[in-house]
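What TrEMBL says about this protein:
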DNA_BIND  85-128  DNA-binding region
COMPBIAS  372-383  compositional bias 'Low complexity'
DOMAIN    83-127  domain 'Homeobox'
DOMAIN    130-331  domain 'TLC'
REGION    346-394  region 'Disordered'
TRANSMEM  38-55  transmembrane segment
TRANSMEM  180-198  transmembrane segment
TRANSMEM  205-224  transmembrane segment
TRANSMEM  260-282  transmembrane segment
TRANSMEM  302-323  transmembrane segment
């Protein structure tokens, strides 16, 4: 074990040339980031998760009820042993051939069976109240941490001159503000990483999981090798757009469509400009070029920048989804009625689909229908848009 730890914490990987861990030990004159500081994030992540449960129950839920958001979930499918067996053991999305077979076996028309499977899938979807509560929690945290970051950074020299991130590196003392900022952000993203398995299941689950892993890795890397100054810039930049998208989602759940459209438009502008403009010009420029000029590259420097570039690729993917959604609405001439948090069936998750579909109960006898294919062609734009959200988480 000692050999593994010595290999992992090899100074020639983590630190610039001629710098050792002994040089960065805490003294009476200065405090530097220590890897063991990050252990605190694990119990704090659990505490944040518990605070979230209390917040959603006693603050978000009453607010949702005050906005007339109902706790009722989607309509349940009529009990049917044969269809339930197919749903649980074979497929949740039967193809045309299987639909025809079930139609003959049950003496139901294909459209009715399609509706049953849609209702059955939607039974697993949380209520609008639960989704509102989740968004309100994230909105509250992002607003707090973004406000804290702005108030802290406006007093720092590296906000105005990014070269200050590298002068005297890595002998830059750790302040209480930076330590608090880092530990809180890391704890929150750890809580998001694990709560992904209990939260609303989204189509972009794997993308968001990757996003959280990259974010946690960046926070950890930048803290351990004392790139904390540029790390604070990255965190604050990313929190800005997250506030707006969670606000837009809350407006959507509360059926405040005009406010939802306005907030989403503000989010889209801020997201694309900050992630495709400010981030590469401001952040990547200083981590790739200014740091090269002042400090020079070393192994963990390469890893850190590779993670930042991977984050940029995720930004590009989500920006593409945002633009795609807007272009689709404009091309169909439905800008006035556009719900930006909804997209077509092809871009959505079943669990995230809306429950306001054609949910009349299935009849007990067969009616011939022209809808004999595997999809409901009248199903429009009532799927919940998640791909471009998050960056929260995004």
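Placement of Cβ uses the backbone N, Cα and C atoms for every residue, glycine included.
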Integer average pLDDT (0 to 100) for the domain 'Homeobox' (83-127): 87
How does the DNA-binding region (85-128) divide up by DSSP, counting helix, then strand, then coil residues? 30 helix, 0 strand, 14 coil
